[in-house]
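Novice: Let me give you the structure first, and then I'll get to my questions.
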Amino acid sequence: MDGATGLILGMSWGVLLGFIVLGIGVGAFGTLIGAGGGLIFVPVFLYLFTDWSPAMVVGTSLTIVMFNAMSASTAFIKQKKILYSAAIWFTLATIPGSYLGAVASEGFDISMLKFWFGLFLLCMSTFIGYKNWTKGQRKEESLQLHELTYSKTIGCLISVVVGFISSVFGIGGGLIHVAALVYILGFPTHVATATSQFILFLSTITGVVTHYSLGHIQWNIAIACGIGAVIGAQLGAAIAKRLKATSILMVFSLGVGILALRLIWTSGMLW
């Protein structure tokens, strides 16, 4: 087979490179804001692969999120930004929700998935943008890992919901976890994004296994984007280390808001 035109993972070299580059960009952005990148992969896959079922979009996206979170976690472990006590408890709490969400995702049609996913992202964007704009730099940003105190019960309850939404929308749950860790539990932003990535890696395993058992994952796309996401996560972690917390949160809010409005508009459910 001619190397220039041969197929790798069922696609040409050019297409393969395109998905790897997509993975790098999304992986870097997702790691920067503490998400896994599903907020971008889901609408991209909905646009590119119109013959995929919503469950396939979600399952494939969640698999890439797992690769991204694994890579990001290794970088944040080296930076010593992860609060492991919270990460372990919150991960365990996501497991039942992840399973139920993976099963529930089979009941969505394309329009419904776009609309509800977009509405969810718009709510998150508005909340975080408002908090960041009105409050500015939070006093909690100066706290060190050993100084943090938080409600384990509230964190676990939130994580059950995160697990469900994670598998339904294929986003890994990082968006909700970052918001909850920062604004409900009082974590510094850099610790919240790092801890969120570690939770993402552990918690998405359950969702990915469930989606795999249900035949939802398109492995050629997942592997191609996953390779890029692993690279991008390292880049994103390095950038995050150099940015102020307020900058990270504003980028997060703006990017997610634009994406949310596009999804809602293209869902066709507004008219």
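Each residue, glycine too, has its Cβ placed from N, Cα and C.
Checked TrEMBL, it gives:
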- 6-25: transmembrane segment (TRANSMEM)
- 32-49: transmembrane segment (TRANSMEM)
- 55-77: transmembrane segment (TRANSMEM)
- 82-103: transmembrane segment (TRANSMEM)
- 115-133: transmembrane segment (TRANSMEM)
- 154-185: transmembrane segment (TRANSMEM)
- 191-214: transmembrane segment (TRANSMEM)
- 221-240: transmembrane segment (TRANSMEM)
- 246-265: transmembrane segment (TRANSMEM)
Novice: Counting a contact as 3 or more Cβ pairs under 8 Å, with residues at least 6 apart in sequence, do the transmembrane segment (82-103) and the transmembrane segment (191-214) touch?
Specialist: yes
Novice: Take a look at 6-25, 32-49, 221-240 and tell me which one has the most Cβ pairs under 8 Å to the transmembrane segment (191-214).
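Specialist: Answer, by Cβ pair count: 32-49.
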Novice: Hey, does the transmembrane segment (32-49) touch the transmembrane segment (246-265), meaning at least 3 C-beta pairs closer than 8 angstroms, sequence gap 6 or more?
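Specialist: They are in contact.
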